[in-house]
Amino acid sequence: MEKALELDGEYPESLRDEFNIPTFKSMGLSSDDKPVTYLCGNSLGLMPKSTRNSINAELDAWSDCAVESHFKHPEEARGKVPWVSIDLPILPLLAPIVGAQENEVAVMNSLTANLNSLLITFYKPTEKRFKILFEKGSFPSDYYAFYNQCKIHGISEPENVFIQIEPREGETYIRTQDILDTIEVNQDELALVCLSGVQYYTGQYFDIGRITSFAHQFPDILVGWDLAHAVGNVPLQLHDWGVDFACWCSYKYLNAGPGGIGGLFVHSKHTKPDPAKESLPRLAGWWGNDPAKRFQMLEVFEPIPGALGFRQSNPSVIDTVALRSSLELFAKFNGINEVRKRSLLLTNYMTELLEASKYYKHPLRIEKLPCFFTILTPTSTDEEHGAQLSLYFDSDTGKEDIMPKVFQYLHDHGVIGDARRPNVIRLAPAPLYNTFSDVYIAVNALNEAMDKL
């Protein structure tokens, strides 16, 4: 604990006081009001204290002025925005986090809804070019979206469309070179590459720039990314990397609350106005129409140039201001690059502690252990992971239910992580509010849990 306290003194820069940290009492663990050790920001980020006031201001506007708040907010003098434009102030806050131009991002819908919307535009299978490359074990919602997009296009056996890449036998994450080789081998049939920026189960951070650039050597292959576990976690350069499209949620590292509003990116190369070309086909709605004509109720769709033209309906005011509250904290922390610096310090410290555990089984450790854990996440370089480490629990002697027992012990002792059955616990220190002491407490509790098995 001494080193953790030293590190907290050496690197005190966090915004912990800006967040509501659950306590043992509030979570029903004990009568103690001390905060729990929350390492679950990869699943649901904590609530910024400013969020409550932001939401209450909109509830007051609804209560006091009702429909007129769409065009004249009662708190405009204090910086509040009429509802008709509620999402627009978010764009300059969000664009730097994903490395985009402001006109390339929009907030709308939720992650899978946005993925489906983008697939309608960018997945255009032909007789010869129809395959989709994504990772085996991707988040199931992505699989469902790909599968049913194939059905929409009349493909009776979507499984024949999918190229699902996975780690080599005996390895826990996918080699970048294997992805590139798979793209090259299938270059004549691939229509779309759509991977996760950070893999939700293993925590692997894919080399987005390199993979995108390589795939674009073959001019008819488009590249999209599911950034659910990447946005707010690692720096991104979507515009400079030439990514065609991307989508994400906002309730993990962006701390916008459960079911928070989603986001999407469409590269400007696809949306530049060109009188000689029709605009991209899309799932359209009135909120993507030219705002100067939106309320004329014309039966003519003139999409707003850029990502805003992909909006369909007016966004939830409550969800939007909740996201803005958190994005303002990213700006207060001086941006995603500073967030990433602190994130690496925290996660690398956690790696150090875990690898020092007597229960950690290094790949070269050959003795039989009744219970042990390994780290699925690649950690040899900083470029291979984000905040999350995925721990895989097992036994060489047939001991069962190790992970559930460890997870329950952690929870009962106020260490909040995330279990993925049958054998994985994910821990992710969030740099905006977690401390080095949090990391120490979590790993110490993990060792205690395994002592009791």
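Heads up, the Cβ atoms here are built off N, Cα and C, so glycines get one too.
Look at Swiss-Prot and you will find LEU111, THR112, PHE139, PRO140, SER141, ASP142, SER196, ASP226, HIS229, TYR251, TRP286, ASN314 tagged as pyridoxal 5'-phosphate binding site, backed by sequence analysis. If you look up Swiss-Prot, you'll see LYS252 marked as N6-(pyridoxal phosphate)lysine, on the strength of sequence analysis.
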Query raised in the report: C-alpha of SER196 (pyridoxal 5'-phosphate binding site) to C-alpha of the residue listed as 'N6-(pyridoxal phosphate)lysine': distance in Å?
Result: 15
Query raised in the report: Fewest neighbouring Cβ atoms within 10 Å: which of the binding-site residues SER141, SER196?
Result: SER141
Report summary line: Around the Cβ of LEU111 (pyridoxal 5'-phosphate binding site), other Cβ atoms found within 10 Å total 24
Report summary line: A correct count of other C-beta atoms within 10 Å of the C-beta of LYS252 (N6-(pyridoxal phosphate)lysine) gives 27
Query raised in the report: Which of PHE139, TRP286 (the binding-site residues) has the most other Cβ atoms within 10 Å?
Result: PHE139
Query raised in the report: What kind of secondary structure is LEU111 (pyridoxal 5'-phosphate binding site) part of, going by DSSP in three states?
Result: helix
Report summary line: For the residue listed as 'N6-(pyridoxal phosphate)lysine', the close binding-site residues (Cα within 10 Å) drawn from PHE139, SER141, HIS229, TRP286 turn out to be HIS229
Query - Residues that sit under 8 angstroms from HIS229 (pyridoxal 5'-phosphate binding site) by C-beta distance, when 6+ apart in the chain - result: ASN42, SER196, GLY197, VAL198, GLN199, TYR200, GLY203, LYS252, TYR253, GLY386, GLN388
